[in-house]
């Protein structure tokens, strides 16, 4: 059995209150960025990078909802990014370009897929669950590659970003940034409420001790399934935004490596704190973005040839970093913050 | 016409299934005995292929290359075990997934670093090149038959090893009840190492064998890894027999499904739609198959643990 | 004749050829504390697992409160008033003691498919939970993380959780297991108090506790019930002494 319980038992009340500072600072930083970016001289670049961070923040947070609070290691979560992206792309290619129609369809499609696959996956435990979610993710990936009418392997280009009630406001990158932030805040607020609610308490209880929960009269399966569906819908929304930002969607949205990256974001940020997942997504994407340059900079004492090869092969540093984090930095970034405050 | 095509596809399926079995065998034992989920098993397959490519370029002979590649993959597997995997056995599955995912990132990039991103090709060994007529008018490449023969031989050896030797007995017992085996005074750490190294070598062997018929490229182990997971989950984790049957099933379903799904669908749909949906459904078949198996048997066909 | 709360008819569970419980028939009367004793490996815990629904039975029937529950899953039996404790303490270690009990209250009061509202602040859940904690003398420890409680306190907490499901019948699997002298005294006191609240089936190795608490005692040996009677008569029963008590005393 996967045992996540010991590594992140719920913190006692007082540090939780103090840690509320972290999400406040985080979201304030997101809100201040458009203003600050205007002075940076690289406004477009910063906005697009941070929009991407927020979108992956939503996806990672949705995964945290089931992984951190439900101990369900879903290894196929990228599939929902694909569902969201393809739903938007396919609808747009048939002339339905309004987000007010697209988003409900995205949510419904994600919910349906989550319900069907969750109902089967949740019958299994531990490693089998990891594998079967992985398999469902792969299934969808291959489906996407064979959709010749919608680009197949190469993916499809969206003619434009979605409209909002017939209005092309999202074409503006700043407006799109605010839209992503709004979605992030909305899903964060919703997740926070769910986690603290009766439902969330049952989910957390199941994570700690399934048998105990059955012995007081709960049927864990039903709660896990609903959580899985909720999580899938949020990730679907993230997929919708991702396709809209890039104005492109392809099977690469839902490779199993992408699912692995989502898990890494959640763990990097710290399991079971929701905003931790957002921080994890930010750390991951910024590292991915800047690691080549960082490597190039810190290897100043080496020859130019080696320096450029090093920067080119930054993943060779990224992989071991991942291993080291798993081995030595349990609890992720939130864990470090928590520990820092206790000292 | 269709029968010969079916026969060829069945042979291809068998060959693919046996390759999958070589990879899945190590994976299922490592999984069963150590409860360790190793995503990096697929890179062993890739390493096997790269090593054989490098050694055959060096020696100019596939046989020598294979002989050199096998102990090297074994050593490489043991090195990874000592450096990284050993520290993960008592971690939860989530940590194992992540850390071994890190190993994949590193090694996929690592082979690019060493051999470049372009695919390498390995010539088919001279004596195994060409085709033979296996039925009237039906030619089949000798090398593919050799893979089938090698796969069956290894499967038979493995069966004997697991079922009729002391170490095999320990491995089987370990898959069923690891604490009991260590209570018997067996050095479980060493047993783990042996199983691990052996599994890595089998995967490397599989990679080496397919190197002449596939392009050797970074990331080639990734998709095979997922298929191997499908195999061991269907077969039941820890069960060699389950892995064998499931590997052949998956090999056949996938290969035959890809070429016949459009034809079958033509019975119900018009040709254009049939070929369209057929091509869409075929790659999903094995996952649908897996979901169906797990729906009825959540621990696979031959669960080793009781 | 009183109607029984729980009736077992020819219950059986076997692993391969080995029958762990065999042809067990038993009737538990309302309000009594019914102890089941037997040597190690007699099948006592298996029997509790079968009654509570953690393990399916191979054959036989379990009639609870007039209803056949043999095929019902555990959570549905709990909803009908059949609660249990575990031999190895089973609590939610990351939750406070109060929340452990409040969850049990939550299970029987209203839907848990509520996605808004702070569950930990619901008085309708916390107040009954506090009452249950007080009943086992844990009121003062309500806010402590359950995983940090002492072993004896955890056992008390588990009793409290079981009580909070408002059981008609409480199945207790060795509530004294692993407790020290002083702790076990407290658990026995608690059990004595619980007796007036609900019907109890108790599995226990501590014979002093069994004979001081039980109204009736059943003896399970090698998966079969060999006697059911009052504590005094069980003590005097020659077959029981031969099979079990004598053997213990000889040790």
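Even glycines carry a Cβ here, placed using N, Cα and C.
In TrEMBL, the transmembrane segment annotation falls on B:97-118 of the listed ranges B:97-118, B:163-184.
Between the transmembrane segment (B:226-253) and the stretches B:39-58, B:64-85, B:97-118, B:273-296, the greatest number of Cβ pairs separated by less than 8 Å involves B:273-296.
Contact between the transmembrane segment (B:97-118) and the transmembrane segment (B:39-58) holds: at least three of their C-beta pairs are under 8 Å, each pair 6 or more apart in sequence. Using a Cβ-Cβ cut-off under 8 Å and counting only residues 6 or more beyond its ends in the same chain, the transmembrane segment (B:138-162) has close neighbours at 4, 7-8, 11-12, 14-15, 18-19, 21-22, 25, 124-125, 128-132, 168, 171-172, 202, 205, 209-210, 212-213, 240-241, 244. Tertiary proximity for the transmembrane segment (B:6-32) is limited to same-chain residues at least six positions away from its ends with a CB under 8 Å from its CB atoms, namely 38, 41-42, 44-45, 134-135, 138, 140, 144-145, 147-148, 150-152, 154-155, 158, 171, 174-175, 195-196, 198-203, 205-206, 209-210, 224-225, 227-229, 231-232, 235, 237-240, 242-244, 246-256, 259-260, 304-305.
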